[in-house]
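Engineer: Have a look at the structure that comes next, please.
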Amino acid sequence: WIMGHMVNAIAQIDELVNLGANSIETDVSFDKNANPEYTYHGIPCDCGRTCTKSEKFNVFLQGLQKATTPGDSKYQEKLVLVVFDLKSSSLYDNQASDAGKKLAKSLLQNYWKNGNNGGRAYIVLSIPNLAHYKLITGFKETLKTEGHPELMEKVGYDFSGNDDIDQVAKAYKKAGVTGHVWQSDGITNCLPRGLDRVKQAVANRDSSNGFINKVYYWTVDKRSTTRGALDAGVDGIMTNYPDVIADVLSESAYKSKFRIATYEDNPWETFKN
């Protein structure tokens, strides 16, 4: 999965997919009542990027739905996975459940069209704080209450705080999550970061009793870093330059080992070769 980083305006969906992304990451900011409000990152953000592009969250979802619905004039067949980077650190811990409920309602209405031919992409809820695990339970409960528990088949999870992997496992246990787990590791492109924790996450993924299904590394803009991440065995790379990642994947060392994921590839299944 080549994950286009910081896609917060509808026009950027086409821009990053056309450069080779089959996945995008979108920032979600919340108001003080835990309503998802804008797709917005803000300052500071990655080196070499504009940090302030934004849409109202529900408007962005409507654009995203068009981009991921076969038959729509804006349909992008390659776009199969969306990571919502939930900026829930602005909330009190006791608002996490409400944030999850409100997020589920927004997605249900504006993305899934209440189960009536909505967008088809898989969704990862990426949460920055282990204490906010109730965001997951609130989200799940709401889809059930609203009569669409089947949509949880399209939803996965990530805790993005670079926490100790054992602590991440505990948070999932509290949230009742077994499966659909993506594990991120990384840092802004302005700073270097080693691959030690990525390798730990990959080892967990590949062990018989691990809880992780997929591992992604962020934010990677250089060919050398891309090669390091691929050599470590990641499933996804988040980048500001999807074309750079696509280039490296076409190198002889990688093209026989990796291919770009399509809609037929289940993002919740651990890859076994």
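Yeah, the Cβs are placed from backbone N, Cα and C, and that goes for glycine too.
Taken from Swiss-Prot, the feature active site covers HIS5. What Swiss-Prot records for GLU25, ASP27, ASP85 is Mg(2+) binding site, and it gives similarity to another entry as the kind of evidence. Look at Swiss-Prot and you will find HIS41 tagged as active site, nucleophile, backed by similarity to another entry. Taken from Swiss-Prot, the feature disulfide bond covers CYS45-CYS51, CYS47-CYS190.
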Engineer: Roughly how many angstrom lie between the C-alpha atoms of the residue listed as 'active site' and GLU25 (Mg(2+) binding site)?
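Structural biologist: Spelling it out, the Cα of the residue listed as 'active site' and the Cα of GLU25 (Mg(2+) binding site) are 5 Å apart.
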Engineer: Considering only the recorded positions HIS41, CYS45, CYS47, CYS51, CYS190, which residue has the minimal Cα-Cα separation from ASP85 (Mg(2+) binding site)?
Structural biologist: HIS41
Engineer: Should CYS51 (disulfide bond) be counted as helix, strand, or coil on the basis of DSSP?
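Structural biologist: CYS51 (disulfide bond) sits in coil per DSSP, no helix or strand.
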Engineer: Starting from each candidate's C-beta and looking 10 angstroms out, tell me which of the active-site residues HIS5, HIS41 has the most other C-beta atoms.
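Structural biologist: Neighbour-count leader: HIS5.
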Engineer: Let me spell it out: for each of the disulfide-bonded residues (CYS45, CYS47, CYS51, CYS190), count the other Cβ atoms within 10 Å of that residue's Cβ, using every protein chain shown. Which one has the most?
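Structural biologist: Of CYS45, CYS47, CYS51, CYS190, the one with the most crowded Cβ is CYS45.
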Engineer: Do any residues at least six apart in sequence from ASP27 (Mg(2+) binding site), in the same chain, have a Cβ closer than 8 Å to its Cβ, and if so which, in order?
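Structural biologist: Listed in sequence order: MET6, ASN8, THR39, TYR40, HIS41, ASP85, LYS87.
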Engineer: What number of additional C-beta atoms lies within 10 angstroms of the C-beta atom of ASP85 (Mg(2+) binding site)?
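Structural biologist: Counting Cβ neighbours of ASP85 (Mg(2+) binding site) within 10 Å gives 25.
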Engineer: Cα of CYS51 (disulfide bond) to Cα of CYS190 (disulfide bond): how many Å, rounded?
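Structural biologist: If we compare the Cα positions of CYS51 (disulfide bond) and CYS190 (disulfide bond), the gap is 14 Å.
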Engineer: Quick check for the class: what is the C-alpha distance, in angstrom and rounded, between CYS47 (disulfide bond) and GLU25 (Mg(2+) binding site)?
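Structural biologist: About 17 Å separates the two Cα atoms.
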Engineer: Around the Mg(2+) site recorded as GLU25, ASP27, ASP85, what other same-chain residues have a C-beta within 8 angstroms of the site's C-beta center?
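Structural biologist: Not counting the recorded site residues, we get HIS5, MET6, VAL7, ASN8, THR26, VAL28, HIS41, VAL83, PHE84, LYS87, SER126.
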